[in-house]
């Protein structure tokens, strides 16, 4: 089976693929202070809870936007699974032209999402990935990655408000009961939540206008299901887009 690993700034998402099927997946917190041994022990516990052994994995692929942890994940694959993983980066076969000024600058997760989105839909796309940063990526109808936009993530925005405004409390990310809120917590949630919905729709609409296209807009990432129902532009949420993209890239490079 194939182990797919997506290392983000806030979370590490792992999956086990058996053929074309994603059979198990886990989400753990990103911690740059953890060693490969510590992550290995954690993975052993996750595998055991799923009734799996490390010997069921015979291949692995890694996407990482956290350079200090890329080597840690490679070490886990070598030391615990006894294999050399593929790492998404320069030189890997994507099957997708990257129309970026410097293709090496594009985050691995953005390329993985673009590859998966186009492979699944075979049409022009805007992919919105809600992570520590929220990324907007445009793929044209020819399957070319054209670039996009990066915005501060929802959690970062909320944390900045708490840190910089002395009298405002730290609040959870949530859809408030109404936009005209009657207490401070709901007022903050209303401003952040609906402000962010507006940010998403405005950026998508500008991408659509600039591209002179009618792309399908899909969302992924931890907060996609929270934002998408209020968005006027997002038509689909794909929770496993990145893991599916890693599986596709593995098949193209094996």
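Placement of Cβ uses the backbone N, Cα and C atoms for every residue, glycine included.
Site annotation (Swiss-Prot, ligand ATP) includes 6, 7, 8, 9, 10, 11, 12, 13; from 94, 132, 134, 135, the additional listed residue is 132. There are 27 other CB atoms within 10 A of the CB of residue 129 (K(+) binding site), with all protein chains counted. Long-range Cβ contacts of residue 132 (ATP binding site) within its own chain (separation 6+, distance under 8 Å): 8, 9, 10, 153, 155, 156. With 100, 107, 108, 109, 110, 184 listed as the residues that bind substrate, the site has a largest C-alpha separation of 43 Å. Ranking the binding-site residues 6, 12, 129 by Cα distance from residue 110 (substrate binding site) puts 129 first. Checked against residue 108 (substrate binding site), the binding-site residues 6, 12, 129 differ in C-alpha distance, with 6 being the nearest. Taking Cβ-Cβ distances under 8 Å and a sequence gap of 6 or more within the same chain, the neighbours of residue 12 (ATP binding site) are 5, 6, 27, 28, 29, 30, 69.
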